[in-house]
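S.K.: TrEMBL lists these features:
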TRANSMEM  A:13-33  transmembrane segment
TRANSMEM  A:45-64  transmembrane segment
DOMAIN    A:143-451  domain 'NADH:quinone oxidoreductase/Mrp antiporter transmembrane'
TRANSMEM  A:147-166  transmembrane segment
TRANSMEM  A:178-203  transmembrane segment
TRANSMEM  A:223-247  transmembrane segment
TRANSMEM  A:259-283  transmembrane segment
TRANSMEM  A:289-311  transmembrane segment
TRANSMEM  A:318-343  transmembrane segment
TRANSMEM  A:363-383  transmembrane segment
TRANSMEM  A:404-428  transmembrane segment
TRANSMEM  A:440-463  transmembrane segment
TRANSMEM  A:483-504  transmembrane segment
Amino acid sequence: MVDLGGGVQAIDWLAVAPVLVVACAAVVVLLADAFAGPPRSRRQALVPAALTLAGVAAAAVPAVRLWGERRSTFCVGGVLEGPAACSFVVDPVTLVFWGVVLFGTAVVALLGTAAVAEGRTPQGEWNFLLLCSATGAMAIAASRDLVTLVVALEVVSLPAFAMVGLRRDDPRAAEASMKFFLVSVVSTAVMLMGVSLVYGATGSMFLTQVDQALVTGAGPREVAVAGALLTVVGLAFKVAAVPFHMWVPDTYVGAPVAVAAYLSVVSKAAGFVGLMLVLGLGLRDLAPVWAPLVAVLAALTMTVGNVLALGQQHAVRLLAWSSVAQAGYMLVPFAAVGAAGAAGSAGAAGSGAGGLEPLGASVGYLAIYAFVNLGAFAVAAVVGTRHPRQRLTDYRGLVREEPLAGWALVFALVALAGLPPGVVGLLAKVVVFSSVSSAVTWLAVVMAVNVAIGLVYYARWLVELFRPAEVPGRSTYDVPNGVGVAVGMTFAAGVVLSVFPGLLLDPVLAIF
Amino acid sequence: MPLWWPLLLSSLLFAIGVYGVLVRRNAVLVLMGVELMLNAVNLNLVAFDAYFRDVLHGGQTFALFVIVIAAAEIGLGLAIVLLVFRTHGQIDVDTMRELADREEPAVAER
Amino acid sequence: MTVVEVLFLLLGLVAAGSALLVVTTRTMVHAALWLVVTLGAVAGIFLLLAAEFVAWVQILIYVGAVVVLLLFALMLTKAPTGPQPDLDARRALPAVAVAGLVLAVLGTTVVAGFHGVELDLDGAVVGSAQTTGATIFQQWVLPFEVLSVLLLAALVGAIVLSRGTGRRGGE
């Protein structure tokens with residue numbers, strides 16, 4: 001037997017508390033549902049969602065307590081040489097993602113209550129799977145070794161497959177679930193191949209040690225490059241970057257709106273944080289190789305997403321393509337890492353931030369996108385209660401009939417497009433733009449063109465909102481309370497961030 | 001034994017798995033291709049673990065975890081395949097076009 | 001050539017050959033059975049590469065559980081037992097091209113990258129149950145625990161998805 005230098009790893013319980021609380025909340029929801037039996041009333045059917053919200057709130061407490069701190073735990077001490085190898089690190093990046101995940105989970109749980117009236121989605125299991133998936137998303141943001149990262153990423157996706165197909169007797173949901181499942185499983189296999197090659201080239205699973213091995217040039221570089229490329233491809237499926245996006249529109253349209261919102265925000269954020277950790281922390285030294293590749297992916301993703309969104313008549317499908325395009329904007333700062341890193345790569349090994357500054361823009365964009373995109377999906381859930389077909393023409397007169405939902409959607413669309421009243425969306429685009437404008441000029445130009453294309457379809461939808469309704473004068477929306485709260489939450493968050501953008505952007509841009 | 005022997009075998013298995021995923025129409029057969037790809041990954045991991053004499057046994061441990069991930073995927077995958085079979089009567093991935101992009105989307109039955 | 005090398009070559013041939021049959025056979029059940037052969041041969045290679053515990057887990061979980069689940073899936077979807085002409089899409093050529101490209105790129109990369117590197121198996125620490133258990137619970141506790149969430153979610157998800165259409169959301 002090997003002597004591993006001491007027994008069990010020391011665990012910093014405060015650092016892992018937010019993840020642990022979400023996982024425990026999942027079990028509580030499951031047990032409560034199992035013991036309570038089938039719900040006898042509408043009110044009782046809302047209990048799982050309430051428990052989910054309580055769990056999210058409870059997880060937020062230690063997360064707030066940790067704000068501004070930097071803690072490492074699950075460390076391997078004394079066995080390995082080189083930089084400290086820890087599996088679990090809480091730093092500002094982790095905390096920002098935790099915030100996004102917790103907010104997103106709360107909003108999605110509220111949106112999920114729209115399905116209560118219909119009685120075709122088992123609420124207990126649905127909320128359990130939501131919390132399990134959120135546990136994975138929380139864990140991935142803190143993971144600093146490839147094993148934990150891959151396992152956590154799988155914990156995000158696997159419950160999501162089931163959530164997509166959970167609505168009973170719905171062939172479209174089943175088909176969406178199957179497509180999502182197959183694409184995701186294949187992408188996981190490709191990513192795992194990449195990870196295994198990275199391990200082979202560097203001899204370690206810990207991102208800090210992988211980085212160290214690449215800087216010192218210990219292993220064969222071509223193997224590391226092949227591993228890096230396969231890993232990028234695998235993760236590109238997860239974040240739905242073109243050309244690995246084909247599952248997105250079908251899955252979003254077939255799934256319930258709440259699940260589509262979850263996939264487009266929390267699941268996508270998990271993919272992004274995985275990409276950011278693997279590329280930024282582990283494979284930083286290979287930035288000259290992967291940065292151009294990611295630049296091409298970003299350009300393709302923006303362009304294809306925006307162009308295909310142009311002709312859509314289906315609101316959720318339009319949001320699906322728009323979220324593909326938005327993923328492209330989020331990828332843009334990655335392209336600048338290599339360029340900025342060229343100057344600072346000499347000191348990169350020692351300092352914590354050699355050339356990674358552009359990634360701050362990506363984190364900021366992701367956080368802002370999360371808030372406004374959830375807002376758009378929340379209103380789509382409201383409209384979906386009356387118009388399950390989700391045609392754009394179904395949104396006519398929304399501003400007059402349901403002023404809160406209508407104006408919330410107006411705000412969300414304006415912010416997604418990056419127009420002035422939605423200051424927060426505009427700022428996010430400016431931040432991303434400035435991160436590459438000097439380093440990778442062609443990409444900045446592509447992005448500017450794309451923002452202009454985006455204006456067209458967002459404006460088309462906005463116009464529908466202000467047109468008179470087909471049957472004017474009466475509101476027949478029966479907005480479930482939970483969905484109403486979700487609309488209000490996202491709207492309020494967007495407005496607050498538009499008035500005080502520094503609240504989010506200042507700390508985020510200072511991370512790297 | 002040269003280290004590249006198991007690695008080349010792994011590449012071969014991975015390529016065969018990719019072929020299976022691309023060419024098969026039945027969802028269960030596609031999953032078999034994925035299993036071949038995952039086995040190729042495990043072969044890599046175990047070979048590298050032996051090569052590095054990894055004190056943490058990162059490769060072997062990860063291989064174990066990959067096996068568990070595969071089992072979880074297959075378990076859920078079986079449920080999804082059966083769900084699709086119940087609703088569609090077949091599990092041919094090529095003929096699933098109900099969600100495909102059309103001018104006038106089908107009415108979602110309630 | 002040492003015994004280990006001969007055994008590896010034999011097992012490798014079996015694994016690759018049966019893997020080819022998995023993806024080309026016209027009979028679905030045969031594909032699952034050829035998969036057993038592939039997985040078994042790979043398990044044998046794990047044994048050669050000093051990964052004893054992984055090999056047994058491969059046999060137990062993959063051959064014992066995963067393949068059985070795949071066979072169940074075939075059975076429950078009323079897969080025909082005879083040969084089928086239309087198992088493959090009409091895109092065999094592009095698929096061969098992609099697979100060939102993958103093999104060429106991966107193969108040349110690993111052969112070039114590790115050319116002349118010997119895999120010395122004498123005196124390697126065998127990944128027995130004891131060693132593996134100790135490493136997992138001393139160094140890899142975190143992914144292990146996260147994995148437990150994965151298994152629980154997969155279990156519950158599979159049950160709730162296959163619970164049938166009869167019962168309406170508990171009304």
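Even glycines carry a Cβ here, placed using N, Cα and C.
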S.K.: For the transmembrane segment (A:223-247), give me same-chain residues lying six or more residues beyond its boundaries with a C-beta closer than 8 angstroms to one of its C-beta atoms, as numbers and ranges.
M.R.: 153, 157, 179-180, 183-184, 186-202, 214, 267-268, 270-272, 274-275, 278-279, 283, 286, 289-290, 293-294, 297-298, 300-301, 303-305, 323-324, 327-328, 330-331
S.K.: Can at least 3 Cβ pairs under 8 A be found between the transmembrane segment (A:259-283) and the transmembrane segment (A:147-166), with each pair 6 or more apart in sequence?
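M.R.: Contact criterion met.
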S.K.: Cβ under 8 Å, sequence separation of at least 6 from the ends of the transmembrane segment (A:483-504): give me the contacting residues as numbers and ranges.
M.R.: 103, 106-107, 110-111, 113-114, 364, 367-368, 371-372, 374-375, 378-379, 381-382, 385, 404-405, 407-408, 411-412, 415, 421-424, 427
S.K.: For the transmembrane segment (A:178-203), give me same-chain residues lying six or more residues beyond its boundaries with a C-beta closer than 8 angstroms to one of its C-beta atoms, as numbers and ranges.
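M.R.: For the transmembrane segment (A:178-203), the far contacts come to 146, 150, 153-154, 157, 160-161, 164-165, 209-210, 213-214, 218-221, 223-224, 226-238, 244, 246-247, 250-251, 254-255, 282-283.
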S.K.: Hey, does the transmembrane segment (A:440-463) touch the transmembrane segment (A:289-311), meaning at least 3 C-beta pairs closer than 8 angstroms, sequence gap 6 or more?
M.R.: yes
S.K.: For the transmembrane segment (A:147-166), what are the same-chain contacts with Cβ under 8 Å, counting residues 6+ beyond its ends?
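M.R.: Distant Cβ neighbours of the transmembrane segment (A:147-166) are 87-88, 121-122, 125-126, 129-130, 132-133, 135-137, 139-140, 173-174, 176-178, 180-181, 184, 188, 191-192, 195, 205, 238, 251, 254-256, 259, 262-263, 266-267, 270-271, 274, 277-278.
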